[in-house]
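Database features, via TrEMBL:
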type	residues	note
ACT_SITE	Asp165	active site
COMPBIAS	343-358	compositional bias 'Basic and acidic residues'
DOMAIN	9-290	domain 'Pectinesterase catalytic'
DOMAIN	434-589	domain 'Sodium/calcium exchanger membrane region'
DOMAIN	624-765	domain 'Sodium/calcium exchanger membrane region'
REGION	326-360	region 'Disordered'
TRANSMEM	403-428	transmembrane segment
TRANSMEM	434-452	transmembrane segment
TRANSMEM	464-486	transmembrane segment
TRANSMEM	498-520	transmembrane segment
TRANSMEM	532-556	transmembrane segment
TRANSMEM	568-587	transmembrane segment
TRANSMEM	623-642	transmembrane segment
TRANSMEM	654-680	transmembrane segment
TRANSMEM	687-714	transmembrane segment
TRANSMEM	720-741	transmembrane segment
TRANSMEM	748-769	transmembrane segment
Amino acid sequence: MPSNRVLRVAADGSGEFRTVQEAIDAVPLSNRVRTVIQVAPGLYREPVYVPKTKNFITLAASRPETTILSWDNTATRINHHQPSRVIGTGTFGCGSTIVEGEDFIAENITFENKAPQGSGQAVAVRVTADRCAFYNCRFLGWQDTLYLHHGKQYLRDCYIEGSVDFIFGNSTALLEHCHIHCKSQGFITAQSRKSSQDSTGYVFLRCIITGNGGTSYAYLGRPWGPFGRVVFAYTWMDACIKPVGWHNWDKPENERSACFYEYRCSGPGCCLTNRATWSRELLDEEAEQFISHLDGITGNQACRCLKPSSNRSICTDQSSESRLADAAAKGCTGKHEEEEENFNFKDAEMGPNEKTDLELPEDTIAGSPLATRKTHTFDHIGSFATVAQYTPGRTRNRILMSIYIVLIKAKINVLLPFGPLAIMLHYLTGKHGWVFIFSLIGIIPLAERLGYATEQLASYTGPTVGGLLNATFGNATEMIISIYALNNGMIRVVQQSLLGSILSNMLLVLGCAFFTGGIVHCNKDQVFNKAAAVVNSGLLLMAVMGLMFPAVLHFTHSELHYGRSELALSRFSSCIMLVAYAGYLFFQLKSQHELYKPIGEEEVANENDNDDEEASEITQWEAISWLAVLTVWVSILSGYLVDAIQGASESMNMPVAFISVILLPIVGNAAEHASAIMFAMKDKLDITLGVAIGSSTQISMFVIPFCVVVGWIMGRQMDLNFQLFETATLFITVLVVAFMLQEGTANYFKGLMLILCYLIVAASFFVHIDPAASD
């Protein structure tokens, strides 16, 4: 094993870095070596961000009282060195310290949000990462102090203070020997478990709850999610706790689903006779199983506990995924498993908190607690995705889990068998109509899964590279079909299918999104970022200009060299359009990214939406592998689809133009169609426009000129002369949509008009005879 890396931070300049963020930035990407950042005593006024690309980081100091990381962001006012597209907005993005890198450890550090009382949500620490631990740390703030958002965390000997929901989120967390201080009236916890199948929840074991001297002013918790789950065991409670104990968040239906339990607690705030009737005290046999299997509240779905000794472990709910993880973990060490079976929390005494002072040698970390006890701890609490990397058995299990996530878990995957069936029909029957239909259906889930794999990979690469990935793979289905058609000399199919994708996105997808969003939010006009919409409209008009001049040149018979000038102009314009699109990406992602902030971002964000942001389900290399596999499969199926177009047109008595402009794009845009509607119903129209108009911009400014260049390389005379009828249709469509977007508002009537316009376009192509085909 490589030795640990040590970096030193001192505000007075005596270390290698003056700020904590500078030291974190110096950690290599995809770090696999424990990097210990020694922080000298001092007040560090800075926001700290640990990205998901930097794992195995330890922040270590000597005493939490003298080493303080402090900042003062709130949900309505965020001042951060990272843009909002990276850290998020509202409560999700206002953390003074944000941890997204896995296997993070902090010891003897104070994390503070300095925002004064009454500032609203002001997070001191947000943790969106797996296998994180905090030892002898302090978390200071008022509302929403500690955001345990996602993953598994262990906190020991920590001090946490606040007033309203100051320990909240949807992670799996054990807080042991911690001091919880209620500064004023409010709620200690707000756990957001959303389903009875979720394995998340908070366990407070042998903790102390204190108050400000008043009585009956604080609740133990309330369910942020309907199935919120919290357990207090062997915890001393001050008189500040209300006798009723728990609150239903003014939703009586939460009382039927929330899981709030206590076990053998004590103190003046422990008043079981007056507790809420929908909470309860655990029986001894329930507590025995639950405390030794943290997720055993209901008597099933066991989860190994975090032990209070130096051998600690935690894992997830033993569903089909975590049972595999547990089986893999057993191969890690047999001694740990045996000790765990023999441990009984009931025999443990309350006792004083066990403090561990950090003493790090100047020249090496070897032999320190961080190099032995704590790194050993995390050998047993990893998610299956990480634990499975080290042995052949675990690798095999991880492959099976990845296959389940990508190919089985999503409901749309029920359509996957249509792809192999299309190939079988091609060789067994030769009926092009059925082969075409089955190929169309089979490509729908592949297009959706290709988008999913791209999103998973983008979550590791960061926003800039992620934007390039989306530009490349977002319309991969259309690009692959086009390249196959080009190779077969079906230039008109390429032109018409790409034109159809633009028309489908701008009229059908955007229209359906506006219509459904307007119905759901019928009492108001939905708003979106008008400035970003205008930029996209300008690019679409530029694309129309690029397509119009070759067509005009052709139909006015004004070419300098007949048959060659039109092609040369198309290739030159395509290169210019690719340069313009590259400039657009830089403008959007780097230069003027503030222009693309969603409307209302500076307002209080919807906390439930923030909590919906999920961590990656598959690893980076799995995402790359699936991109390759899915691209190959789409390529194979596209070949059969293209081969069947002409036969399908004849057997179904349907014009090739209608198939190319209407049917093929609807299939290629199926996933975008669904996601655009979903975001519109959530009143996130900026994302909807990014899906619909952004995709149209990609096709018109990137995919079409890209196909011209590819045709140039292949020796095919692919040009930008889409014929007069198609070019006029695109020009009118862009004008109609631009007028719809100029006000920056949307409603169901605008959506209805766009849908009706698309029906007119579809009917026009159904009766249209392609002049190129007739010639």
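Placement of Cβ uses the backbone N, Cα and C atoms for every residue, glycine included.
A quick note: this is a predicted structure, and the numbers were derived from the prediction, not measured.
In this chain, the transmembrane segment (532-556) lies close to the transmembrane segment (720-741): three or more C-beta pairs between them fall below 8 angstroms, excluding pairs fewer than 6 positions apart. Per-residue confidence over the domain 'Pectinesterase catalytic' (9-290) averages 93 (mean pLDDT, predicted model). With a cut-off of 8 Å on Cβ pairs spaced 6 or more residues apart, the transmembrane segment (568-587) and the transmembrane segment (434-452) reach fewer than 3 such pairs and are scored as not touching. Residue environment of the residue listed as 'active site' contains 27 other Cβ atoms, counted within 10 Å of its Cβ in all protein chains. For the domain 'Sodium/calcium exchanger membrane region' (624-765), residue counts in helix, strand and coil come to 119 helix, 2 strand, 21 coil, using DSSP.
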